[in-house]
Amino acid sequence: MCGIVGIVGHSPVNQQIYDALTVLQHRGQDAAGIVTCHEGELFLRKQNGLVRDVFQHRHMLALKGNIGIGHVRYPTAGCDSASEAQPFFVNSPYGICLGHNGNLTNASELAEVLIREDRRHLNTSSDSEVLLNVLASELSQAGSPRASVADIFSALQAVYRRCRGGFAVVAMIVGHGLVGFRDPHGIRPLVLGKREHADGSEYMLASESVALDMLGFTRVRDVAPGEAVFIDEQGRLYAQQCAPAGTSTPCIFEYVYFARPDSIIDNISVHKARLRMGDLLAEKIRRIWPDHDIDVVIPIPDTSRTAAVQVSQLLGIKYREGFVKNRYIGRTFIMPGQEQRAKSVRSKLNVIDLEFRGKNVLLIDDSIVRGTTSAQIIDLAREAGARRVYFASAAPPVRYPNVYGIDMPAASELVASGRTEEEVARIIGADRLIYQDLTDLVHACQHHDSQVHEFDTSCFSGEYVTGDITPSYLARLESERSDQAKEKRRQVHRHSLKAIRAV
Ligand SMILES: O=P(O)(O)OC[C@H]1O[C@H](OP(=O)(O)OP(=O)(O)O)[C@H](O)[C@@H]1O
Ligand SMILES: NC(=O)CC[C@H](N)C(=O)O
Ligand SMILES: [Mg+2]
């Protein structure tokens, strides 16, 4: 899940985009990039690493201009090399830069057509580079020295006809303006904000509203599924529905784990959704286990805290912080390899023994995906002297791959895939395991003014809203993107780099 941001302002945007990326850092820790434009010239800095490491003072000074876009990356396609950091750039037509959150499900077919028919060159295996080239190819049909707003929207209509999958995009056309668009199902989030300046209105697009809050922009609305917006350099906003409005099905995993709790996505407060997840989980525990013997509810920091507070309150059991998190270690789940993920859990979390000693503890997490966190945490709780260790997940079992921008490509790596809840409990070592029901999760995220009635629940249900996901697609994805396949590619990459240096 990447984070994207774009700003058209009346003063330099470099620091503002940097600040926005720091609050979107939880969406991608592998690479970061910013591109700005000043008097028709582009300034780009991108590299692997966290925002604070990628941009030094000298880079910031060089990022001139009142318009720009930024990206933090968590790879879901291609590889994790710096060459695939975003934003991407193509010089023809007009000069276009693009940052993408999501995953195209027909990227390889598109790449073939781009090379064979559109005569375009692709330099990486990134699906985002494919998306940029589809946009460039369609925009080159405009045929005029400067694309009109109508040309931009008609190019986007063609992009929607060609591209499948999940995508929220910010793009910048040199000397012209900022484009934002979102896939026809609205799987990936994109929100529009506005701020008044002495010289006129300023606009911002971002993955999450928290980035608007930080910069003093007011949340105007979410970009609608299949809609495109264009803001020219003078600060005029244009919007058009470019793909037939389908059913809006935002990714439910944003509410479970990805988004910050202080964000509002599709008019749904992530914080409130997580509170309701806690309420419904507590109700289920009460229903199926009325004579439980839980002494204390303990969250697994960070994301599960909101739900855990509610579980404790509704069950009338005390809440205790039993794990202390090292604030300098990032999110484990979005780290690239299993070895790194497993090591990080232990170095990230430590126990306060006295909260466990002699007690029956109920540990709460927002989700169990590979089981990396839960298995280690349960061991820690036992070592700390817990009598019984129960575990509850605020989300249902994750049994199916995600193909829309979350890197869960291989069913075989998901601890609940093909297993019953009892089997998962045995594997992670829990005395009892309780999962949220999917209908309850959906209820927790819905509310009457949100205008969202359905969600992309594919990793829980195996139902893919784009309708193009076949067993052979999933088999190919697994063979290309499992941890094992990625590690093999990294080795080859390392060797090839050595070979180049040796020459
Ligand atoms: O079953 P797993 O494969 O371990 O994945 C699930 C865990 O990963 C995430 O935590 P993470 O450390 O990434 O982030 P957080 O600090 O926001 O909870 C999530 O909150 C779960 O704790
Ligand atoms: N997590 C994402 O949104 C990833 C975007 C894009 N597919 C990439 O791998 O760079
Ligand atoms: Mg966690």
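Even glycines carry a Cβ here, placed using N, Cα and C.
All annotation found in TrEMBL is predicted automatically rather than curated by experts.
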Of the candidates Thr303, Thr306, Thr439, the one that TrEMBL places in the Mg(2+) site of Asp365, Asp366: Thr303
Cα separation, Cys2 (active site, nucleophile) to Asp366 (Mg(2+) binding site) (Å, whole number): 20
Residues near Cys2 (active site, nucleophile) in space but at least six apart in sequence (CB under 8 A): Arg27, Gly28, His71, Val72, Arg73, Tyr74, Gln86, Gly99, His100, Asn101, Gly102, Ser207, Gly405
Local Cβ density at Thr303 (Mg(2+) binding site) - other Cβ atoms counted within 10 Å: 23
Fewest-neighbour residue among binding-site residues, criterion Cβ within 10 Å, set Asp365, Asp366: Asp365
8 Å Cβ shell about Thr303, Asp365, Asp366 centroid, Mg(2+) site members excluded: Val256, Tyr257, Pro299, Ile300, Asp302, Ser304, Ala307, Ile364, Ser367, Ser393, Ala394, Ala395
